[in-house]
Amino acid sequence: MRIYHSLFTVSKFRTVFDFGEREVAHWFPGHMAKGLKQMRASLRKVDCIIEIHDARIPFSGRNPLFQESLDVRPHLLILNKMDLADTSGKQRILNQLKREGVRNVLYTDCLRQRDDNVKKIVPLVTDLIEGGPRFHREEEGQYCLMVIGVPNVGKSSLINALRRMNLKKGKASRVGGEPGITKAVLTKIQVSERPVMHLLDTPGVLPPKIESVETGMKLALCGTILDHLVGEDVIADYLLFSLNRLERFGYVERYDLGEPSDDIQHVLKRIALKLGKTQRVKAITGVGDVTITVPNYTAAAYDFIRAFRKGELGKVMLD
Ligand SMILES: Nc1nc2c(ncn2[C@@H]2O[C@H](COP(=O)(O)OP(=O)(O)OP(=O)(O)O)[C@@H](O)[C@H]2O)c(=O)[nH]1
């Protein structure tokens, strides 16, 4: 990959992103918070909470709403999608998390067939549970875990990876439901024999905590908020801003741009032309109608965002 002169970075790129008058209040649809109450009820039956979040945003958007339940039980933070994250500053992140009281952290890639860190989860969780008092549940002799996190961070993928690795069979055997647990979290999946450990097979979906427009934009970039609520055009612009800020210039060659640019209209136009995403529109002129070809900016924005989410524009750390 070509190295672009850092002078370019200093002189031509925006140093701050103009978020305008955007309102984040509607970026998380209210109905998604509905599950929280249900989740709180089932948390009482849980010995360890596995919170999963996107490794590209270890701080942004994590929801502390369940924290009161955490006081009495161990908590493991899984930073997933590590294959998409720039983990060179891992120690800084672990230190900051520690200062915030988050001590148990594992990085995972749940799509990898055999991820060594996914393998570490059951032994680590066992240590955590056995190292602390199990209020109310001392008599049961079985451990129950719950996976929680904001949308699209890989909760289901983690559950599948745990099943794949620990059950050594394609499909998990289901164990009977318990009265008093809502239907949505009725099913438990065994993930370990010694000690007997179950996982509630329906993960808890938390609404992301969107404390600022920038947090919202990072969450959107990682696919945690529905794109259309934020707007693909502004997500694409924030992506361009972020790639330039992080000096991830893979997009320049991918889309034959020649040199980095900070102008999203210019970049999207080049993407559209490169990918053949153009539209023919009729224009009325003084001498009659003519058909002209114009770039499809929306389709180009989609491609740009999708390429980023697949890791094709390089690994990043957005926090
Ligand atoms: N690159 C990468 N992608 C992943 C990883 N884990 C999950 N994904 C992808 O992320 C997307 C979301 O994964 P899910 O497991 O459905 O996430 P979820 O948290 O259960 O999503 P919701 O049901 O929307 O709350 C899917 O496209 C997965 O293939 C990972 O470790 N790396």
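Here the Cβ of each residue, glycine as well, is placed from N, Cα and C on the backbone.
Marked as domain 'CP-type G' by TrEMBL: 36-208.
In the structure as shown, the Cβ atom of G204 (GTP binding site) sits within 10 Å of 24 other Cβ atoms. Here TrEMBL flags N80, K81, M82, D83, N152, V153, G154, K155, S156, S157, G204 as GTP binding site.
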TODO: Note down the number of other Cβ atoms within 10 Å of the Cβ of S156 (GTP binding site), including every protein chain shown.
DONE: 14
Open item on the list: Can you give me the same-chain residues 6 or more apart in sequence from N80 (GTP binding site) with a CB-CB distance under 8 Å?
Closed with: I52, H53, D54, A55, Y107, T108, D109, C110, V153, G154, S157, L158
Task: Sequence-ordered binding-site residues from N80, G154, G204 with Cβ under 6 Å of an atom of ligand 1 - done: N80, G154
